[in-house]
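According to TrEMBL, the protein has these features:
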COMPBIAS  20-30  compositional bias 'Polar residues'
COMPBIAS  31-62  compositional bias 'Basic and acidic residues'
COMPBIAS  63-77  compositional bias 'Polar residues'
COMPBIAS  79-89  compositional bias 'Basic and acidic residues'
REGION    1-102  region 'Disordered'
TRANSMEM  115-141  transmembrane segment
TRANSMEM  153-171  transmembrane segment
TRANSMEM  183-202  transmembrane segment
TRANSMEM  244-267  transmembrane segment
TRANSMEM  273-291  transmembrane segment
TRANSMEM  311-332  transmembrane segment
TRANSMEM  344-364  transmembrane segment
TRANSMEM  385-406  transmembrane segment
TRANSMEM  418-435  transmembrane segment
TRANSMEM  442-463  transmembrane segment
TRANSMEM  475-497  transmembrane segment
TRANSMEM  509-532  transmembrane segment
Amino acid sequence: MADTAAKPTAGDNAFENREVQTSNSSTRTLTPRESDERQEKKSEEKPAETEISSEEPKEKRTIQSSAISPNESQLDVSKQPEVDEKADLEGVPPTGPPIEIDEAEENFKPKTVSFWLVILSNFVAMFLVALDRTIIATAIPRITDEFQSLGDIGWYGSAYMLTTAASQLVFGRIYKFYDLRTSFLSSILIFEIGSLICGVAPSSPVLIAGRAIAGVGSAGIFTGAMMVMIPMIPLHKRPMFQGIFGMVFGLASVIGPLVGGGFTGTVTWRWCFYINLPVGGVAFMFLFFMLKAPKRQPQQPATLYQHFKRLDPLGTLFFLPSIVSLLLALEWGGSEYEWNDGRIIALFVVFGTGFIAFAAVQVLMPKTATVPLRIIKQRTMLAGAFFMLFLAGSMMLAVYYLPIWFQAVQGADPVDSGVYTIPLVLSIVVSSIISGGMTQKIGYYVPSMILCPSIMSVGLGLMSTFQPGISSGHWIGYQFLTGFGLGFGMQTVGLAVQAVLPKEDVSTGVSISFFSQQLGAAVFVSVGQSILSNMLVSELSDIPGLPAQAIVNTGATNLHNAVPAEFLNVVVRAYNYACTRIFLAGMGLSLATLVCALCMEWRNIKKNKKQQRAKQRASQLRPGDMGA
């Protein structure tokens, strides 16, 4: 910095003392008055130059003092705009493109009612789609009783998660090329239509179809809810909002079974879906009237074929059957069919073949790729995707199987088992807010990502020590510790994506992170079910007179009524062992999440504000602004 500061001084002296060429080729020395005027002009420009030099890389400085030589006759800045534009095109600041900050700074109006109504409506939409993932869990017994559809149990949950995961990446392309407001509102509308179909469903197939439609809408809402905040909130102020965003997601995911059990026990299971209509409708109306479409670069009119090509039709053709086959294999394997059954093997083969073909399309056709290689190869993007995959898996193993432990081992009913998970909910709320505030204060998101699995793995490890009849103090404390860790990492990857990717790639990065989250939840819930079934069969198969497979099929809800009294203690111990092995698997996933967190880049989101200020000052030095 000392060298940099010295150059303007030398340049200034040369500028003041040099001889100036006149129109008749004669030379003259500057008069004292002229020298003073030039010195005054230089002193006005010098602070901006100094700040730019200190904050931007050397090759991107708008004006370099060393460009002024003693032999120049006047300040030559005629070529500077070209250099600046080239720098803007060739180099993207580490924490995102300035145009995003300009728009966000302009739209950030926290003192207005409309700002908070849009943010609140955005969070409500996110809450509903996250709630819909788990709310049906405690309603399934009543649904199967009404429709006499015991064989469709798996489809009520998987139809929603399957279409969500399968269409998640497609929405990344949609938000990249098309209007944010229209795309987001359309996603909410699709979700509402699916919820309506579920609520009025006269049969099991119609209910499954409604769940599939709602899943498509939820995929658009997951990505869109994040994209709505980007042009409204500057990056350096976004961590607190991201923390609330993560809190809403985690809260909805955990209380889903509790809310579903409440509706099922007091009114009807159909209110698990009816609730989305008035609440989602109000959010839709506020967004319709108050959400403004962000600025977009002018685009040439496109033909129908060009619109179709933008969505990567060939890649989607391979990706959709691939991911559907994977989820079906995980859903049916070990429950509907044996893992070595020909149908399960065929599904895995279709998945592997389709995924390889999809990857080949992404590499060979980069211009229309759903997952461009340049994005997924980015260190933070790749580590963040696996972070979300493992974190979602460990979260679902805790959220999904903790109520089962309460019902099977502690003898709680479905509603009470949901109530007993409140410590998990409260700790997620607390740590999500702490994480957002801490990240906004220090400017780095990686510390929260490291704290998340570090604390969560301890909590899950302690949960793996559960025993029948354990005191409430133990399961409350262990849950709180697990949820407290979980809240630190719920939405940090979304913030990292916004910090490291250019604005035009953020929608793709966000969709990839949410896809990883959906995939992790679907895959590891199935893994947990496999652990549960295999452990129960292993523990109970040697007991004479006790059909192990029948116990597995009975489920946790009616276990204490269905199992003969003489076998109940043995079955309860077997369930406890199986559930604690699942929590142990969750701890392993948390440790894998920690490895991913350690691979993340440390980017200071506060730098955006400094770079924007520097570029604004730099623009004032351009010839047009200087009156040149």
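Even glycines carry a Cβ here, placed using N, Cα and C.
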Please determine whether the transmembrane segment (273-291) and the transmembrane segment (442-463) are in contact (criterion: at least three Cβ-Cβ distances under 8 Å, sequence separation 6 or more). no
Please work out whether the transmembrane segment (509-532) lies in contact with the transmembrane segment (244-267), by counting C-beta pairs under 8 angstroms that are 6 or more apart in sequence and asking whether there are at least 3. no
Long-range CB partners for the transmembrane segment (418-435) (under 8 A, at least six residues beyond its ends), listed in sequence order, are 138, 239-240, 243-244, 246-247, 250-251, 254-255, 257-259, 261-262, 398-399, 402-403, 406, 410, 412, 448, 451, 475-477, 479-492
Taking a Cβ cut-off under 8 Å, which residues six or more beyond the ends of the transmembrane segment (244-267) line up next to it in the same chain? 123, 126-128, 130-139, 142, 225-226, 229, 275, 395, 399, 403, 414-415, 417-419, 421, 424-425, 428-429, 432-433, 435-436, 483, 486-487, 489-492, 494
Under 8 Å, at least 3 Cβ pairs, sequence separation 6 or more: does that hold for the transmembrane segment (311-332) versus the transmembrane segment (442-463)? no
Given the transmembrane segment (442-463), its same-chain partners at Cβ distance under 8 Å and 6+ residues beyond its ends are 236, 239, 387, 391, 394, 397-398, 402, 435, 475, 477-489, 492-493, 495-496, 499, 580, 583-584, 586-587, 590-591, 593-594, 597-598, 600-607
